[in-house]
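*Asks:* Take this structure, written in structure tokens, and hold onto it; I'll ask about it next.
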Amino acid sequence: MEQLVNELIEANVGRVLVDEPLARYTTMKIGGPADILIVPKHVAGIEKTLQLVKKYKTKWTVIGRGSNLLVSDLGIEGVVIRLGEGLDHLEVEKHRVRVGGGYPLIKLSTLLSRQGLAGLEFASGIPGSVGGAVYMNAGAHKSDISNILSKALILFEDGTIDWLTHGEMGFSYRTSVLQTKRPGIVLEAEFQLQIGERERIVSVMQKNKDYRRETQPWNHPCAGSVFRNPTPYFAGDLIEKAGLRGYQIGGAQISEMHGNFIINTGGASAQDVLSLIALIKQTIKDKFGVEMHTEVEIIGR
């Protein structure tokens, strides 16, 4: 591992941090250390990192802004690549937008709305990066990334870089091919938006932001929606009807504001959260006969 660290530093791939606590990089404020954390400063840095990872036969994981993640208390084995400053380029040409995978989604939706571009209003309250949003087909307010993405530039595990069209992304509810069938890193996304009326777009954005502020506990560390909605039900409704609102294990609590959110009240461990998730799953199955599936991504040792 020491030799790999030295080569990464010599290759100037970006910031190289050893045994770095990942709680600093997630909105849940939970997570043990990454053996090696890379914050690349350019695409070439990511490519070189993957070359070295392959050379040393080391496991690797990619994270964005950590908004939909629960990282193990034991951390993550191998190399963790965090997308951010090195992939935050933006190009707007009429209604076509090309943006780096590390660009903040809320910042992008706000900027484009002020330019009178419609289609990304649903993302006005979704924390995280563009790359993470494409990876999981993030959405809200009856819309999602699949409605606006035309193609995405992907760096695959074998080091090849290629564009995947909308059809090739295999989008479904909170899912894309990048999660299982074709693992890779979203370097860039191209969105097709619509030219609209600036005042109306900004108004919708504000309405969405206000709704989130009033109904979701973003004033506490959390990871967004914990469960996918089990059609035709809403996960939060089932959890609240089961009487679990406010239930707490350790420092992790089912939000009083929204049943599908688990908040870190202070000092929560990943195990606290996992115990709550298991309790919710079993309770909902026993009471309503419904299987619950997590939307939050659970990673690590």
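For all residues, glycine too, the Cβ spot is worked out from N, Cα and C.
Pulled from Swiss-Prot, these are the listed features:
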- Arg174: active site (ACT_SITE)
- Ser225: active site, proton donor (ACT_SITE)
- Glu295: active site (ACT_SITE)
- 29-196: domain 'FAD-binding PCMH-type' (DOMAIN)
*Asks:* Is it possible to get the count of other C-beta atoms within 10 angstroms of the C-beta of Glu295 (active site)?
*Replies:* 20
*Asks:* Tell me the Cβ contacts of Arg174 (active site) under 8 Å, same chain only and six or more apart in sequence, or just say none.
*Replies:* Met136, Asn137, Ala138, Gly139, Asp144, Arg228, Glu295
*Asks:* Which whole number is the mean pLDDT over the domain 'FAD-binding PCMH-type' (29-196)?
*Replies:* 91
*Asks:* Ser225 (active site, proton donor) has how many other Cβ neighbours within 10 Å of its own Cβ?
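*Replies:* The answer is 20.
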